[in-house]
Amino acid sequence: MAAPKPEEISFPPMDQLQGLEYCIDSNPSWGEAIALGFQHYILALGTAVMIPSFLVPLMGGTDGDKVRVVQTLLFVEGINTLLQTLFGTRLPTVIGGSYAFMVPIISIIHDTSLMSIEDNHVRFLNTMRAVQGALIVASSIQIILGYSQMWAICSRFFSPLGMVPVVALVGFGLFDRGFPVVGRCVEIGIPMLILFIAFSQYLKNFLTKQLPILERFALLISITVIWAYAHLLTASGAYKHRPELTQLNCRTDKANLISSAPWIKIPYPLQWGAPTFDAGHAFGMMAAVLVSLIESTGAYKAASRLASATPPPAHVLSRGIGWQGIGILLNGLFGTLSGSTVSVENVGLLGSTRVGSRRVIQISAGFMIFFSILGKFGALFASIPFTIFAAVYCVLFGLVASVGLSFLQFTNMNSMRNLFIVGVALFLGLSVPEYFREYTAKALHGPAHTRGGWFNDFLNTIFFSSPTVALLVAVFLDNTLDYKDSARDRGMPWWVKFRTFKGDSRNEEFYTLPFNLNRFFPPS
């Protein structure tokens with residue numbers, strides 16, 4: 001048997017992924033785009049409902065308060081997504097709520113001055129105003145780093161090798177929101193996981209009028225089927241005598257969102273009252289803003305590949321971070337109980353549907369705003385059990401992580417230096433946050449536990465984030481370990497042309513501002 005030729009056992013590096021149907025600036029038909037936008041809206045509901053559902057009861061809020069926070073979060077998500085796709089990076093990314101802000105927000109909730117308030121409603125309002133004040137102050141970090149182009153300068157230290165662990169752990173780092181949540185209600189979660197994989201992968205060649213309908217709308221179809229199945233189990237009394245936690249994760253009528261939601265309600269700034277400001281709260285929140293910045297950077301890199309675009313140039317990335325800071329400011333003004341970051345699950349959906357169109361994401365932003373105003377209708381979709389979303393996350397988070405690993409094609413993975421950096425950064429990126437989670441679960445406080453609450457919040461928030469730990473380790477090692485003689489091994493010859501706007505002619509097509517605004521903000 002003849003020896004295989006080199007081209008038969010290796011694949012040349014490619015700037016853009018193969019097999020994508022629509023890229024960032026190509027659009028499906030309006031009917032298909034609207035259906036895809038609605039699908040992105042449905043997916044964004046998981047995080048938008050989960051964060052307030054966990055935090056509002058801790059603050060003393062009622063189901064009515066929870067619904068208002070969910071509506072407000074979705075409303076601001078829609079605004080932020082439109083701002084980001086129009087004036088920020090212009091990548092097809094949904095800007096949603098972030099779990100990175102949970103540590104400092106929980107710390108604010110447990111502040112002794114707030115916990116001592118006996119009236120639950122007053123405590124809820126005072127806590128909300130304290131969170132708003134912290135978000136408003138902390139948003140200045142991203143605004144300054146973004147619009148001053150300081151983040152663009154920092155990003156010049158990033159290489160394809162250094163970005164592999166960061167982007168990969170944007171997906172892998174969310175493993176605790178995948179199958180561990182599916183396992184809370186396996187009779188719903190497992191069928192959802194199987195059905196979504198079957199529709200999106202095994203039946204993807206099933207065509208209706210030349211449209212791969214099962215692949216393109218796998219999320220909508222599978223959620224509809226499993227949601228109906230879950231409602232049937234609920235109505236038949238299958239969970240009548242089951243433990244409260246099982247009922248909460250499996251029943252379709254435990255969210256109490258529909259009954260508590262108003263028919264029409266328009267969120268507005270300062271609807272909870274005037275924000276209050278505390279230096280300690282704000283400093284702790286700044287750590288979450290930095291984490292959000294790093295996680296979003298990784299997600300933007302993944303989104304650019306799944307939208308068949310070039311990696312965002314340094315100044316475009318910095319511009320996007322600046323607009324994300326404006327988004328966090330809006331979160332603080334409206335009172336969403338969370339800051340903003342790129343929705344990782346929606347980035348994964350770009351790859352699952354093979355549609356990276358910017359227009360689709362902008363349509364999804366319209367759905368967010370529309371259904372957040374029409375409370376009853378929005379609450380109907382928001383009452384989908386979170387276990388169903390967790391099953392989808394198992395696929396979509398993994399897809400984003402694999403996009404991060406795809407950057408390895410531009411590096412030399414026969415180099416022991418590169419193997420060391422990637423392996424150590426990936427392992428510590430998973431292991432350090434897991435240590436912080438386990439420690440907190442047992443001790444009811446993070447490993448950083450000094451008299452300075454703001455200091456504790458800062459360190460615990462930073463090291464709870466897998467992409468943040470990976471960036472600190474990978475970028476440090478990559479820029480200090482034999483860096484002078486390893487530019488080619490690190491993938492810099494491929495990466496360098498994407499650092500500036502004029503480095504690649506395609507950048508103008510993907511990232512130029514609309515309405516001829518580049519006349520006033522010329523690219524660097």
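Keep in mind that glycine also has a Cβ here, set from the backbone N, Cα and C atoms.
The transmembrane segment annotation in TrEMBL covers 38-58, 91-110, 130-148, 157-175, 181-199, 211-230, 360-382, 388-407, 419-436, 458-477.
Using a Cβ-Cβ cut-off under 8 Å and counting only residues 6 or more beyond its ends in the same chain, the transmembrane segment (458-477) has close neighbours at 100, 103-104, 157-158, 161-170, 172-173, 283-284, 286-288, 290-291, 294-295, 298, 420-422, 424-426, 428-430, 432-433, 436-437, 440, 446-448. Most Cβ pairs under 8 Å to the transmembrane segment (91-110), among the stretches 38-58, 157-175, 211-230, belong to 38-58. For the transmembrane segment (181-199), the most Cβ-contacting stretch among 38-58, 157-175, 388-407, 419-436 is 388-407 (pairs under 8 Å). For the transmembrane segment (388-407), the residues of the chain that approach it from at least six positions outside its boundaries are 17, 43, 45-46, 50, 160-161, 163-172, 174-175, 177-179, 181-182, 188-190, 192-193, 196-197, 200, 219, 222-223, 226-227, 230, 298-299, 301-302, 305-306, 344-345, 347-349, 351-352, 491, judged by C-beta separation under 8 angstroms. In this chain, the transmembrane segment (38-58) touches the transmembrane segment (360-382); three or more CB pairs sit within less than 8 A of each other, excluding pairs fewer than 6 residues apart. With a threshold of 8 Å between CB atoms, the same-chain residues lying at least 6 positions outside the transmembrane segment (419-436) that come near it are 161-162, 164-165, 168-169, 172-173, 408, 413, 446-447, 460, 463-467, 469-470, 473-474, 477-478, 481.
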